[in-house]
Amino acid sequence: MAEKRNIFLVGPMGAGKSTIGRQLAQQLNMEFYDSDQEIERRTGADVGWVFDVEGEEGFREREEKVINELTEKQGIVLATGGGSVKSRETRNRLSARGVVVYLETTIEKQLARTQRDKKRPLLQVDAPAREVLENLANERNPLYEEIADVTIRTDEQSAKVVANQIIELLEKN
């Protein structure tokens, strides 16, 4: 990969965007950003609190602004929030400003990876987690697919293996 281009990771919660993103950035000697962590850094509060106080709409506005600013940088790896693709503006910016990698995973794997995580506001509801994740998948998977340059399934693979697969695919293109 001669020139440094941006790599944007999209996919559902629990797909491994943050873990794989850190690994990928380290291997490629690029800066890593996580849009949720950036929102937390800027607000001084965790994502769940922002969701509670501002609602999903307020959170998505912050997310859109953060992603817009981060995607203007060069040579970064960005792990986006699972719902960031709901914004057409964000989808357009991700597509225009870098390579979009869709990290795909099964509902079963999402459940296993997120079951004890209290920092997932969309799972802090009365409905069963499986039902919530299935509804989110039905809504968002077509949006991930719409903007993906590359799709990789992360089930049963380490972050390093997935990062290597991404690097291989990028070197071919």
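Just so you know, glycine gets a Cβ as well, placed from its N, Cα and C.
Keep in mind that this is a model prediction, so the values were computed, not measured.
Gly82 is the only one of Gly82, Gly98 that Swiss-Prot places in the substrate site (with Asp36, Arg60, Arg140). Of all the binding-site residues given, namely Gly14, Ala15, Lys17, Ser18, Thr19, Gln157, those whose Cα is no farther than the 10 Å limit from the Cα of Gly82 (substrate binding site) are Gly14, Ala15, Lys17. If you take the Cα of Ala15 (ATP binding site) and the Cα of Arg140 (substrate binding site), they are about 13 angstrom apart, rounded to a whole number. The distance from the Cα of Lys17 (ATP binding site) to the Cα of Asp36 (substrate binding site) comes to 11 Å. The most densely surrounded of the binding-site residues Lys17, Arg60, Arg140, judged by C-beta neighbours within 10 angstroms, is Lys17. Taking the Cα atom of each, Arg140 (substrate binding site) and Gly14 (ATP binding site) are about 14 angstrom apart.
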